[in-house]
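These notes concern the structure reproduced below.
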Amino acid sequence: MLNSLFPNVGTNWPEFTQSIVETIEMVILSGIISLIISLVIAVILVVTKHDGINPNFIIFNIFDKLINLFRSIPFIILIVALIPLTTLISGTAIGVTGTIFPLVVGITPFFARQIESALNEIDPGLIETGKAIGLSNFQIVKSIYLHEGIISITRMTTTTIISLIGLTAIVGVVGGGGLGNFAIQYGYQQNQFDVTMACIIVLLILVTIVQVIGTLIAELLTR
Amino acid sequence: MSKTDIISFENVNKTFETDEGQNEVLSGVNLKIEQGKIFGIIGYSGAGKSTLIRCINGLELPTSGSIKYLDTVVNELSEKGLIDLRSEISMIFQQFNLMPQRTIAENVALPIKYKKIGKKQTTAKVDELLSLVGLSDKADAYPNSLSGGQKQRVAIARALINDPKVLLCDEATSALDPETTDSILEILKELNQKLNITVVVVTHEMKVIEQICEDVAVLHNGRIVETGNVYDVFSHPKEEITKRFVKTTTNLNVSKGLYQALGLPEGHRLIRVTYNNENTIDPVISLVSRKYNVDISILLGDIKLIQGKLIGGLIISVEGNEEDIENAYKELKLNIGIEVEVINDVE
């Protein structure tokens, strides 16, 4: 049935499965790196905002404006602009290795904003309580911001990973590999419509899995 | 026992910068809180109560003036110094502020989580405090499953884990129903008596002050307008705002509707008489009635016990000929310790 519905996918089966693996690799690798960086940036933003636990106008504005700057650049342009830097860091600008850096740069501003808003959702009363019970700023970040914000952070991470899956497809256009690359190469350039459809179905499945897992974790964490 | 001031405010001012300009929240606050007392600060919302109580543990810093805890000047402490101070001065809040993602036991233990105290010792201490507030069976529950009163009990247990010398209560009972309020007030009183913790209560409810406080300060527009022993302040209120607070707890108020419904005869005089412990009103009323040949009907009466002493009052209607009424009124006024007020023109 697969061969009759998706004849061109069948003939390129090894490349197809390989591209799925590549997409998953890109999402996991850049997702983990970006999560760590985004957490740090979000914490810096929340701590240094004007009514934060350690207000710092300059540091807040540097990060705030940097995020705005990077968010205003369309991803496809960002990839191209980053090529020299990507080559320097990863040794190559193509293949999965070459995509991690631009993906991280592309998704982190969005991710950091998402986590920032998750942390800002925390009742200010809880933060004040942290001070009143004698916690240091570091302890407040660890035991209140991150601990109490975990459900929101999980939800925001889910949304971000789904956006990230979209970005991995775009990287495919400039030779990054993965499903985007596969769809462009066979579906678009060779006009094999069934390949495009197959890629859509796989992406749909990936997004659904991420969403289901994310929702499940958030529910498990809800007290 | 010698009296020590555990907390004192010296000429404290606090101004917030807002977009509309400067907002003076506290101005020229002088205050002394004696060790071992339950001290109440009463004021309407916006009076500066929350800011004032937050100055005590350094959550707010004054614009000028100084706040002392024993010999320590709170507003000059370093970040580290403030952290140490806060294990001696703990706090509970109107909204309880329990951490939703932690169990009750974890909530109670949070203030000592980062102190090098053994797990066994922590657990023992948490168990002890939870049983003190009557919630031993809830140790592994999450705050969401608790009622408001239970949450505040947990917050009290959390506040006690560092064996504090002072407990600050910021509108701690304002989100609770009257019955639960009573039980929380009872706990606060017990802590004060058994553990000799100085309790500072900030509230807009007269009931809280009456039930547990020994001393009170009345805060209005950032100024302390009256302060002293609760009985003295509320039996002889001097300032308009204090009188308003006293009125909120008595039923000696006649509304326009009630006044009309009473249908009092022409030429009557409606009088509010308030009195305290040393004076008993009843003989005075009948005496005046007989002496001046006026009819006195008692419309409303109220009496309450504050720190073992009585405060009460009556609303009476004096009827008769005009001259007799005037004489009776003057005679009533002559009584020391009785306050007399004509309230014919009710609002």
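In case you wondered, yes, glycine gets a Cβ from its N, Cα and C as well.
TrEMBL annotations:
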- A:20-214: domain 'ABC transmembrane type-1' (DOMAIN)
- A:26-48: transmembrane segment (TRANSMEM)
- A:69-87: transmembrane segment (TRANSMEM)
- A:93-112: transmembrane segment (TRANSMEM)
- A:161-183: transmembrane segment (TRANSMEM)
- A:195-221: transmembrane segment (TRANSMEM)
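The stretches the transmembrane segment (A:69-87) and the transmembrane segment (A:195-221) are not in mutual contact, being linked by fewer than three Cβ pairs under 8 Å (pairs 6 or more apart in sequence). Through the fold, the transmembrane segment (A:161-183) approaches residues 12, 15-16, 19-20, 22-23, 26-27, 30-31, 34, 75-76, 79-80, 93-96, 98-99, 102-103, 106-107, 110, 195-196, 199, 202-203, 206-207, 210-211, 214 of its own chain, all at least 6 residues removed from its boundaries and within a Cβ separation under 8 Å. Among residues of the same chain six or more beyond the transmembrane segment (A:26-48), those with a C-beta under 8 A of the stretch's C-beta atoms are 54-57, 59-60, 63-64, 67, 96, 99-100, 103-104, 107-108, 111-116, 118-120, 137, 141, 145-146, 153, 157, 160-161, 164-165, 168, 171, 176-178, 206.
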